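In TrEMBL this protein carries:
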type	residues	note
BINDING	H206, H346, H350	Zn(2+) binding site
TRANSMEM	6-39	transmembrane segment
TRANSMEM	164-182	transmembrane segment
TRANSMEM	248-271	transmembrane segment
TRANSMEM	283-303	transmembrane segment
TRANSMEM	309-327	transmembrane segment
TRANSMEM	348-365	transmembrane segment
Amino acid sequence: MVSHKVVVAIILLNVYIGVQSVFYLFGGVLVTGLFAMAFLNAPRLLDWANSPPHLQFNKYVLTGYRPISSVQDCVRSLFYLHNELGNIYSHEEVVCVDSGGGLCSVQSSVELRMTVGKGKGGWFSGLEITPKIDVLEEMELPVSPGRDRSTDIEKGRVGRKKRIPLLCFLVLLPLNIPWSQISVTWLGVVHFLACLSPQLGSVVYHLFMNHEGGEPVYHTLLKLDVCGICMINTLGALPIVYTTLLCYPFIRSVALLVYILLSSHAIYCAVTARSSVRRLRSFAWQALFRFSFFLLRWVGLGGGSPTSLRHFLMMDALAVLGGVINITRIPERFRPGLFDYWCNSHQIMHVLVVGSILYLHWGVLDDLLWINSYNCPSD
């Protein structure tokens, strides 16, 4: 056990680092988490056959299951290795986004020594971690066609570096939205809620899925996770519909109402679905509805920023790819047991979904700024 003096010293060190730079504070928190993982005694992990039945949804993940735990023990699982850890935390490569759309790369490498064995109480694991964090470089994203970078600098969209780690970027999203340049504020609020909802639902679901409440609590958490996905599908598309029909107020209102009603039915189907395949099908009509608006933009009948359409197409492509990889259980179905802790299908889906959210964010930002500068024809 680590003494209280050491813990207090680490906390004070993080506070001091945080005063110097918010960016380095996140790095300090990461190092503290890895430090705790190295010294915290983990419970004996279970194999698939000995795990609770409601957690046996992927027969190709053979080890690393947490035992049934209280709320406190579920929270403690943030600090030891198990097969859900990768679904809760971000991966080694952390992307930082600045207010001008630039990126900086931060490589957090770790040296791992893991011991896995089987005893009378089930499977157990030990982990020794040596963390190392390096800021590699800052990169500028290419300027979109039709955008003058000097104009962006004058308006303050480029040049003010706000380094925000990838998942924290989703929590601190309001800082990245140029509110003063948005004429329709409620679209920005809806967009923020859409981006944040799936992240919160997913973290809570994966963290507490082994709660001692058993199967009833698990299914409640699963519905919460699904609702987060439904929120981004529903709220995330409202700015797209609004912008596409910007110059047709009546049709725009009808389209928004129809999409909300369609989404309500999709939410019910997704929450009551009994399998991942049916859950994925629940979002098909929403995807087709969005695609019809993408088609309107492509043929020139709909409004919107010239640069946003490709972002939205990438958004849906990554989301669909992630869903297909998740339900097909690739790659772990080809080597059961090899991807128990890292790089299994669900973790790959998480990475693709985060990428999908980023493309949604970039596309919506382009549209919101376009609305502020565009005047509909008088006729």
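All positions are counted from 1 along the displayed chain.
Cβ coordinates come from backbone N, Cα and C, glycine included.
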Problem set entry | Long-range environment of the transmembrane segment (348-365) - Cβ separation under 8 angstroms, sequence gap at least 6 | 86-87, 91, 101, 166-167, 170, 173, 176-178, 187, 191, 194-195, 198-199, 202, 232, 236, 239-240, 305, 307-309, 311-312, 314-316, 318-319, 321-323, 325-326
For this session: Sort out the residues at least 6 away from either end of the transmembrane segment (309-327), same chain, that have Cβ-Cβ distances under 8 Å to it, and list them.
Result: 240, 276-277, 280, 287, 290-291, 294, 297-298, 345-346, 348-353, 355-357, 359-360, 362-363, 366
Exercise. Taking the center of the Cβ atoms of H206, H346, H350 at the recorded Zn(2+) site, which other residues in this chain have a Cβ no more than 8 Å from that point?
Worked result: E84, G86, N87, I88, S202, Q347, M349
For this session: For H350 (Zn(2+) binding site), list the number of other Cβ atoms lying within 10 Å of its Cβ atom.
Result: 21
Exercise. Taking the Cβ of H346 (Zn(2+) binding site) as centre, how many other Cβ atoms lie within 10 Å?
Worked result: 22
Exercise. What number of additional C-beta atoms lies within 10 angstroms of the C-beta atom of H206 (Zn(2+) binding site)?
Worked result: 21
